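Encoded as structure tokens, the structure appears first; notes follow it.
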Amino acid sequence: IHPETVYVFFFLFFLKSCSAFLILTHSFPVNCNVLPSKSSVAFRMNAAVRAVVRMGIYVGAKVYFVHEGYQGMVDGGDNIKEATWESVSSMLQMGGTVIGSARCKDFRMHEGRLKAAHNLVQRGITNLCVIGGDGSLTGANLFRKEWSDLLAELVQQGLIDEEASQKYSALHIVGMVGSIDNDFCGTDMTIGTDSALHRIIEVVDAIMTTAQSHQRTFVLEVMGRHCGYLALVSALACGADWVLIPEMPPEDGWEEKMCQKLSATRSRGSRLNIIIVAEGATDRHGKAITSSIVKDLVVQRLGFDTRVTILGHVQRGGTPSAFDRILASRMGVEAVLALLETTANTPACVVSLCGNQSVRLPLMECVQMTQQVQKAMDEKRFEEAVRLRGRCICYILFVTCSVSNFNVAVLNVGAPAAGMNAAVRSAVRVGISEGHKMFAVSDGFEGFYKGQIKEIKWADVGGWTGQGGSLLGTKRTLPAKHIDKIAEQMRKYNINALLVIGGFEAFLGIMELLAARGTFEELCVPMVMVPATVSNNVPGSDLSIGADTALNAITFTCDRIKQSASGTKHRVFIIETMGGYCGYLASVGGLAAGADAAYIFEEPFDIRELQSNVEHLTEKMKTSIQRGLVLRNENSNENYTTDFIYQLYSEEGKGVFDCRKNVLGHMQQGGAPSPFDRNFGTKIAAKAMQWISKKLNESYRKGRVFANTEDSACLLGMRRRALVFQPVVQLRDETDFVHRIPKEQWWLKLRPLMKILAKYKTSYDISDSGQLEHVVLNGPKESEAMAAI
């Protein structure tokens with residue numbers, strides 16, 4: 001880490017025997033011999049602080065804040081104060097850190113760490129949780145290594161007795177990774193990264209309108225001194241023309257190649273160019289490539305009207321995204337569970353995200369791997385740096401396969417979902433780059449049988465990533481009644497493969513096409529479905545394109561609704577969400593927004609539970625809590641409607657709180673897609689196209705494509721840690737077709753977490769709690785390139 005880079009972290013100290021927690025924030029550089037000249041901090045830690053405090057209280061611990069970071073730990077006194085349940089209320093929507101952070105020269109010295117150890121022992125604190133980058137985690141591990149020597153020195157000085165030294169002889173550490181750069185090896189996403197991407201994309205979307213109007217080229221500089229994740233993913237999410245990142249410097253002659261690319265884009269009719277530059281970008285010889293250098297290059301060689309925008313600390317501020325709130329909450333609870341399981345021989349670990357699952361990894365393995373990345377970059381071993389980064393970086397490669405001249409059709413089916421257009425764009429461009437002729441089908445299966453099919457070219461999908469809805473058009477019509485006409489259109493256009501992007505209707509449609517293969521040979525082609533629905537109710541996938549955008553819409557709307565009651569009397573809001581019979585939006589949205597309850601179909605409820613929830617809120621309202629939030633899935637119960645629940649709460653809460661209700665409706669389906677949905681749609685569609693290319697190559701025999709095996713009709717979904725292709729026939733037994741939901745849903749295990757954080761007494765399933773694993777290198781393979789810009 002550069003000596004000027006400073007990371008923020010929180011500490012949680014947990015002592016099982018004395019039941020004491022301690023939380024603090026601070027900045028700590030890797031190089032203890034260099035004092036940073038400035039503080040450059042990313043604060044989106046409040047959700048993690050809230051989760052750790054409330055989970056700590058839930059397991060019977062006392063929790064303390066240490067204000068002003070390490071300085072507070074060194075100084076002690078009033079800097080260390082007990083935290084209560086109410087002290088972390090209304091924190092989820094807040095950026096920054098409520099307990100402050102400060103640089104501390106004292107803690108870098110042995111004497112400072114000795115004082116800190118003394119203050120901890122006085123309060124019986126021997127366990128800590130660190131949220132930060134590798135510098136923060138390395139500093140905490142150093143403190144852990146010195147702990148025994150520090151206690152011995154305190155005994156020698158007479159500051160503590162031998163009994164205290166024996167009682168508090170071990171210091172345990174669990175880390176959580178917080179860094180907007182996503183530069184830590186061992187985790188797919190760090191806390192704060194998604195929110196930073198939101199800030200970047202908001203700016204880029206705004207800039208693109210003025211660039212379009214004035215036919216300008218914009219060079220945007222984003223943070224990432226040593227890691228290009230923000231630059232790369234924002235480039236994918238906005239459809240940039242060029243991106244420059246530290247891990248993969250451009251080859252010599254890049255200037256001419258970039259200018260040719262920009263010129264070619266303009267010649268196809270585009271009125272703008274977007275170039276994303278990471279602040280640490282260099283060429284192969286280590287010479288810095290700054291945004292101003294890129295601007296001067298474009299102006300001198302092409303004469304384009306060019307502007308530079310440096311986003312700076314805008315990326316570090318603002319309201320946390322739904323993804324970051326959920327990630328931080330899950331990691332905070334997992335950190336407490338990890339501390340509960342520590343022994344004297346347990347190594348320091350870090351709680352990480354792998355796919356959709358939390359895992360525990362040895363802290364120093366991750367730190368050392370992260371430091372090896374920088375070493376490889378310094379030694380100009382860039383391919384090695386990419387490999388060490390692992391799968392958090394998805395590099396942009398153009399993949400040329402042996403297949404060519406195949407016709408591939410892409411269509412959207414079901415309700416529109418934000419991110420569909422990004423998926424279509426990715427599929428079209430990857431398909432074209434692999435030699436296929438791509439066809440767009442308008443209005444789903446209805447447009448298919450009506451012949452609304454046309455070839456779609458590279459330039460036709462320009463600017464699609466940031467567009468909401470479905471530009472191809474989408475309908476819920478199923479193909480069964482029109483199979484003969486669909487087969488006729490496939491024969492007419494010689495369609496060799498199908499990519500279907502959509503929700504539950506798309507899943508049903510693929511199954512109906514598969515069933516008709518025995519009658520129509522035209523349907524014996526590779527078919528793959530990519531899940532895209534705000535309801536997230538497609539079997540075979542933990543996540544669907546569009547669900548993250550809907551979650552953000554719900555979360556930010558709930559923030560505003562709760563804020564409307566600020567300064568008024570006690571008030572409870574009843575919010576109805578979409579989702580059909582699937583309670584994903586209500587449950588996960590409730591976790592992100594800090595809801596007190598979420599009623600869903602998957603967990604039946606009765607009048608007794610409703611009454612219990614009213615009584616629970618009544619008790620909370622008698623404290624300093626002024627606002628309550630209750631979410632209800634639209635089809636959770638046919639009798640206990642939103643109106644019924646609103647009237648019940650209004651009547652039973654008389655004299656304590658009043659009620660308001662809101663039906664969010666189709667605003668959950670609208671708006672520009674979130675960075676996550678743009679990125680997820682781009683990657684999953686690219687992977688689907690590569691699967692299609694592989695299947696076409698395998699099934700091409702005697703001048704034609706013929707594929708009628710089960711594995712030639714698949715759904716591509718996120719399953720725990722990986723994207724997996726699953727034959728749709730194998731998903732039949734996993735599906736509740738009556739209610740259009742999977743029989744088992746991973747997010748149901750998050751519901752007890754929401755209840756615990758809302759102060760309910762409930763059980764928490766720890767069967768999925770991570771066991772300590774080891775860092776595994778999953779470097780990007782050329783055959784698994786994720787996207788092409």
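Going from the start of the chain as shown, residues are counted 1 onward.
The backbone N, Cα and C atoms fix where each Cβ goes, glycine too.
Because TrEMBL annotations are produced automatically, they should be read as predictions rather than curated entries.
On a predicted model such as this, the values are computed, not experimentally measured, just so you know.
Look at TrEMBL and you will find 1-405 tagged as region 'N-terminal catalytic PFK domain 1'.
Residues or ranges marked as transmembrane segment by TrEMBL: 6-24.
According to TrEMBL, the domain 'Phosphofructokinase' annotation covers 45-338 (among others).
Of all the Cβ atoms in the protein chains shown, 29 others lie within 10 Å of the Cβ of GLY133 (ATP binding site). According to TrEMBL, the feature ATP binding site maps to ARG103, CYS104, GLY133, ASP134, GLY135, SER136.
Taken from TrEMBL, the feature Mg(2+) binding site covers ASP134.
Sequence annotations record features per position, and here TrEMBL assigns substrate binding site to SER179, ILE180, ASP181, ARG216, MET223, GLY224, ARG225, GLU279, ARG307, HIS313, VAL314, GLN315, ARG316. Taking a C-beta cut-off of under 8 Å and a sequence gap of six or more, ASP181 (substrate binding site) has these contacts in its own chain: GLY133, THR190, THR193, MET223, GLY224, ARG225, HIS226, CYS227, TYR229, LEU230.
Annotation source TrEMBL lists active site, proton acceptor at ASP181.
According to TrEMBL, the feature region 'C-terminal regulatory PFK domain 2' maps to 407-789.
The domain 'Phosphofructokinase' annotation in TrEMBL covers 407-692 (among others).
Counting only residues at least six positions away in the same chain, the Cβ atoms of GLY503, PHE504, SER544, ALA547, MET578, GLY579, GLY580, CYS582, TYR584, LEU585 sit under 8 Å from the Cβ of SER535 (beta-D-fructose 2,6-bisphosphate binding site). According to TrEMBL, the feature beta-D-fructose 2,6-bisphosphate binding site maps to ARG476, 533-537, ARG571, 578-580, GLU634, ARG660, 666-669, ARG740.
Counting every protein chain shown, the number of other Cβ atoms lying within 10 Å of the Cβ of ASP134 (ATP binding site) is 28. Within the set of binding-site residues CYS104, SER136, HIS666, GLN669, the entry lying nearest in space to ARG316 (substrate binding site) is SER136 (CA atoms). Put plainly, the binding-site residues MET223, VAL314 were compared by Cβ crowding within 10 Å, and the winner is MET223. Taking a C-beta cut-off of under 8 angstroms and a sequence separation of 6 or more, GLN669 (beta-D-fructose 2,6-bisphosphate binding site) has the following same-chain neighbours: ALA415, PRO416, ALA417, ALA418, GLY469, VAL534, GLY546, ALA550, MET578. When Cβ neighbours within 10 Å are tallied across all protein chains shown, the highest count among the binding-site residues GLY135, GLY580 belongs to GLY135. In this structure, the CA atom of ARG571 (beta-D-fructose 2,6-bisphosphate binding site) is 33 Å away from the CA atom of VAL314 (substrate binding site).
Checked against HIS666 (beta-D-fructose 2,6-bisphosphate binding site), the binding-site residues ASP134, GLY135, SER179, ARG307 differ in C-alpha distance, with SER179 being the nearest. Note: the CA-CA distance between SER136 (ATP binding site) and ARG307 (substrate binding site) rounds to 37 Å.
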